[in-house]
Amino acid sequence: MKIAMVGSGYVGLVSGACFADFGHDVVCIDKDQSKIDRLHDGIMPIYEPGLDALVERNVRDGRLSFTTNLAEGIEGASAIFIAVGTPSRRGDGHADLSYVYAVAKEVGENLANEAVIVTKSTVPVGTGDEVERIISECNPAHKFAVVSNPEFLREGAAIGDFKRPDRIVIGAEDDLGREIMAEVYRPLFLNESPILFVSRRSSELTKYAANAFLAVKITFINEMADLCEKVGGNVQDVAKGIGLDNRIGSKFLHAGPGYGGSCFPKDTLALLKTAEDYDSPVRIVEAVVKVNDTRKRAMGRKVLDALGGHDAARGKKVAMLGLTFKPNTDDMRDSPAIAVAQTLVDAGVSVAAFDPEGMELAAPLMPQVEMKKDTYEAIEGADAVVIVTEWDAFRALDFDRIKKIAKAPVMVDLRNIYKAADMAEVGFTYTSVGRP
Ligand code: UDX
């Protein structure tokens, strides 16, 4: 089957490459000429483990190609995916659908065969109806269906998540939509991945509900961590104790500096806006958004405490290890590191940082932070080392070396990757999140 993927960003490129790997004939389309040129040269626009090899293999075998020409790219495609960005709209927090609708119009104007148009972008409830209306207005000569098929992949684990998903959700309103989508995902049917066929609106809402629920889980355990610190408990024991209850489940119960990334902050906000529009508030999510926002600066204050308090911290130096919102990505969007660094800088602390992949994107977002070329260069002369992102490279630090080059053996571990007892043994003053 021929598939066109409009938008070669995170979701589009990963999905396109994986569909090609399933044996489909895939064209990835993007307006950004330099991105397409680089893809032709085998250069990935994002850092994602395994993606370059996957792209290279499928390009070599002739199943994957790239173009900036939408009309040419969608020709003969039975499924045309829309995988362009839906960022928060400036000013009001609604999802900005202008890119999705622009693609819908261009597809409508150029549709040269029967096809299913699939929104893979995260879009608010009702977007599919609007996409259908836009395409109809173009009076295409061929039958078409508009389907919702949200993507649940995580950055850093995107290929595995795409190929072995917990479930696939397809929101289709007619047989054409259901039949083509069944064909698109046939390799996963064979894999026995659960595929849910639901209505288009249910499918659109499912994506937001999933992300919001996960954000609730993280925020819940973060507040339990704060309470643990007050009452003398250990949040990891609490998380394990509740997580073994199958109704709760053990995943997404890691306390930390608050969630960031390209999805949770934007999607929780967009869900609030939809809920507002339909006069059906989702108050739990409202609270989660607020709690998570305030948490990021609170983590900066935690570091100030480790430096002896707000006043004593002035003039001291902190080494931040990890800047991206999570490991195995170069994505800095809404990373807690930004607010942590700002809180420190506001208090007169100088900050040096190292991140294995994120520094290029981090530098313009945190101009007052000195970017160093490795872990130990960042730690040189520091009064405290702060682990902000749990990259594997920070899990086995050389403590003797740190003691020699840092001003003081102080560590603030915002991801709970070390054990307090081990740190005491190597002579560090150690603070973590929600643990004694
Ligand atoms: C998320 C969803 O998991 C994915 O299904 C959706 O398609 C897109 O959004 P992603 O943003 O790539 O994926 O990252 P994820 O691994 O879910 O982490 C999101 C944030 O939550 C990160 O900042 C992470 O550090 C934080 N997190 C996650 C925690 O603080 N604790 C946890 O237990 C889990």
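Placement of Cβ uses the backbone N, Cα and C atoms for every residue, glycine included.
Curation plays no part in TrEMBL annotations; they are all automatic predictions.
Binding of NAD(+) is annotated in TrEMBL for D30, K35, T122, E155, K266, R333; the matching candidate from T86, T294, T324, T343 at the same site is T86. Summary of the site annotation: TrEMBL records substrate binding at F152, L153, R154, E155, F252, L253, H254, A255, G256, G260, K326. Screening the candidates K207, K230, K290, K302 against this entry identifies K207 as the one listed for that site. Classification of C263 (active site, nucleophile) by DSSP places it in coil, neither helical nor stranded.
Comparing Cβ neighbour counts within 10 Å across the binding-site residues K35, R154, K266, the minimum falls on R154. Per DSSP, the domain 'UDP-glucose/GDP-mannose dehydrogenase C-terminal' (319-420) is made up of 34 helix, 18 strand, 50 coil. For ligand 1, none of the binding-site residues lies close by, meaning a CB under 6 A from one of its atoms; the full candidate list was D30, T122, K207, K266. Rounded to the nearest whole angstrom, the C-alpha distance between C263 (active site, nucleophile) and D30 (NAD(+) binding site) is 21. Under the three-state DSSP scheme, K207 (substrate binding site) falls in the helix class.
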